[in-house]
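Taken from Swiss-Prot, the feature NADP(+) binding site covers Arg48. Taken from Swiss-Prot, the feature FMN binding site covers Arg125, Ser126, Ser127, Gly285, Lys300, Pro301, Thr302, Pro303, Ser304, Arg327.
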Amino acid sequence: MTGNTFGNAFRITTFGESHGPGLGVVIDGCPAGLPLTEADVQAELDKRKPGQSEVTTQRKEADMVEILSGVFEGLTTGTPIAMLVRNADARSAAYENIRNIARPGHADFGYMEKYGMRDYRGGGRSSGRETLSRVAGGAVAKKLLSLYGVEVHAHTVAIGNVRAKPATIEEIKANVWKNPVRCADLSAADAMLREVSAAREASDSVGGIVEIVATGVPAGVGTPAFDKLDACLAYALMGIGGVKAVEIGAGIASAGMRGSEMNDEFCTEDGKVRTKTNRCGGILGGISTGMPIVCRAAIKPTPSISRPQRTVNLETGAETIIEITGRHDPSIVPRAVPVAEAMVALVIVDQMISGGLINPVSAGAVDASRNR
């Protein structure tokens, strides 16, 4: 199986399955001298771990991380950083009766067509549990970016038909982790919670939208043509399971605008070139403008629902009916928030190292003033 490595100058390779012994990540390209502890990574993993509220799966996992290599006396060494999280609460018996059944909306059929076999327990490699490895890698990326004044924050802006009002970065920081749906608009959060509860009570699920905002990214990050910053962000976010669309800045709404509405006029602010508005989402021509980078990921409803659905037995070819049991998220949107943060952080740190804005050898050699 290929496609398990992400990035160029700062690379992560994830491994593990939902019901295997554990999952983890190997990071290559992190500079030496970055202060890093298991607590740094654990803080990020705790944001996505299951069983924290009624809107997530009730699978109980502590998701305790172990750093196996690449860190000595609290500092990265410049060698590969390996991290492992062991599974503790897998219940594979719930999948035994559907081991040969293609679950609608899942990767089962595609895996069988490509590989001729699959780990049917909890989706195996295609499970959303794989994203904990991305969050662990993103934790290191975020720690490195923080030395350069770059922060990445995400929040839920829609669940089902409930939309949040626009939020400032201060509101996002202050409110997102105060509610189980990870919404910065606390009044909308209550309505979103009701939307998720209604879907669960109807043996159904619901999707939504996560918005990610990166601040402090200097102008000049990204390259023209195929490795445009926005192209890389879209690629990274589309790689998250369940994401079906990505927007940058005004996104799809820009198709209905005139140029006079869409264009962000330039101005100077504290001696630096800025734009009066930010409909471009902080990126023009594939290169950052110095304004906040804003992107959104649309996430489909969780495909695991307990309603009867038509499907096919992949062993016999016979049509059949499936009713999925087990522990599943009625909405994966809230737990996608830290995953989206991680993927955006990984893109930005990779591009900043590639572009010479972060020292690729030593994190101690930081001249952060050049990037602010």
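Positions of Cβ are set from backbone N, Cα and C atoms, glycine also.
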CB contacts for Arg125 (FMN binding site) [other CB atoms within 10 A, all chains]: 19
In the chain carrying Ser127 (FMN binding site), residues 6 or more apart in sequence that have Cβ under 8 angstroms from it: Glu17, Ser18, Gly241
Rounded to the nearest Å - Cα separation of Ser304 (FMN binding site) and Arg48 (NADP(+) binding site): 19
Inter-residue C-alpha distance, Arg48 (NADP(+) binding site) and Thr302 (FMN binding site) (nearest angstrom): 16
Arg48 (NADP(+) binding site): secondary structure state under DSSP, collapsed to three categories: helix
Under 8 Å by Cβ from Lys300 (FMN binding site), same chain, sequence gap 6 or more: Gly105, Gly207, Gly242, Val243, Lys244
Cβ neighbours within the same chain of Thr302 (FMN binding site) - under 8 Å, at least six residues apart: Ser205, Val206, Gly207, Gly242, His328, Asp329, Pro330, Ser331, Ile332
All-chain count of other Cβ atoms within 10 Å of Arg48 (NADP(+) binding site): 24
Where Arg125 (FMN binding site) sits in the secondary structure, as DSSP reduces it to three classes: helix
